[in-house]
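One structure is given here, and the rest of the page talks about it.
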Amino acid sequence: MDVDELISSSKLLKHWPSLFITLALIWIVKRLFFKGNRVLKTYNLDEQVEEEVEHFADLGDELQPALEDKPHVPFVPGQNLNPNGAKRLYELMRGRRSIRSFNSHPKPDLSVIEDCIRAAGTAPSGAHTEPWTYCVVQEPELKRSIREIVEQEELVNYSQRMHPQWVTDLRPLQTNHVKEYLTEAPYLILIFKQTYGLSENGKRMRRHYYNEISTSIAAGILLCALQAAGLASLVTTPLNCGPALRNLLGRPVNEKLLILLPVGYPKDGCTVPDLARKNLSNIMVTF
């Protein structure tokens, strides 16, 4: 069979010019459609940026820094600096554990808690906004109300909201929706992040940049201070409880609950999971 006979006997080869034209048209349409979408997305993005620029441009000379514009002063390092201080801090912090069983008595003096929060207040923050509020609760009735709110939400969290794998991962820690430590611990420290500032008359003021990161850094310093004071704590982040707890404490709308810390001395015979922390080689990369 010669080439002409092969072409005439094959429907595909016989109509190849039409097929070629059809495929070429499909390719051209796809290219135009893709290019049109790409241009449309770029245009929308540019348009959005232009709107934002115009919005800020309207402020003109009204823009003022949130901080008072003062001359810088010489840096004064902290006191009692020690070259071995980092190692001493590590030895201190390696003993820190999450404690879920607290003694109601003896109760640490409130001044100790105040000093720990003072230390937390030295944390850096975006544009020096210091976007944090520490609510220290020691009244038994108020602690019971907090526990009631948290346990109601946690029951729903464990039974409905949380993924089964999450609940399974928590099993070795022996945690559930019952939070006895909320009434056992002599102190509860509720750490709120401030998403923006408020004036004395409740008017919204400056934006608080990186408020969650800033408040989280401060919370880490607080944990170090509590450990240095010989106090035990537990970092908790109650799901879906923030608004109710904020209202209970009468906090303003610009504050959102970030962390709830039970604080006190561990109960006699208190046990913790047999866990090991990662080695330095697993958490540090040197270049």
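A Cβ is built for glycine as well, from the same backbone N, Cα and C atoms used for every other residue.
Here Swiss-Prot flags ARG96, ARG97, SER98, ILE99, ARG100, SER125, GLY126, VAL235, THR236, THR237, ARG277 as FMN binding site, drawing on similarity to another entry. The Cβ of ARG100 (FMN binding site) has THR175, GLU180, TYR181, LEU234 as same-chain neighbours under 8 Å, each 6 or more residues away in sequence.
Sequence-distant neighbours of GLU154 (3-iodo-L-tyrosine binding site) (same chain, 6+ apart, CB under 8 A from its CB) are ASN176, HIS177, LYS179, PRO238, LEU239. Per Swiss-Prot, 3-iodo-L-tyrosine binding site is recorded for ALA127, GLU154, TYR158, LYS179.
The number of other CB atoms found within 10 A of the CB of LYS179 (3-iodo-L-tyrosine binding site), across every protein chain shown, is 21. Under DSSP, LYS179 (3-iodo-L-tyrosine binding site) is assigned to coil, being neither helix nor strand in the three-state scheme. Residues or ranges marked as 3,5-diiodo-L-tyrosine binding site by Swiss-Prot: ALA127, GLU154, TYR158, LYS179.
Sequence annotations record features per position, and here Swiss-Prot assigns transmembrane segment to 15-34 based on sequence analysis.
Separation of the C-alpha atoms of SER98 (FMN binding site) and TYR158 (3-iodo-L-tyrosine binding site): 20 Å, rounded to the nearest whole number.
According to DSSP, THR236 (FMN binding site) is assigned to a strand segment. On its own chain, ARG96 (FMN binding site) has LEU223, GLN227 as residues at least 6 apart in sequence with a Cβ closer than 8 Å to its own Cβ. With TYR158 (3-iodo-L-tyrosine binding site) as the anchor, the candidate binding-site residues are GLY126, THR236, ARG277, and the one with the nearest CA is THR236.
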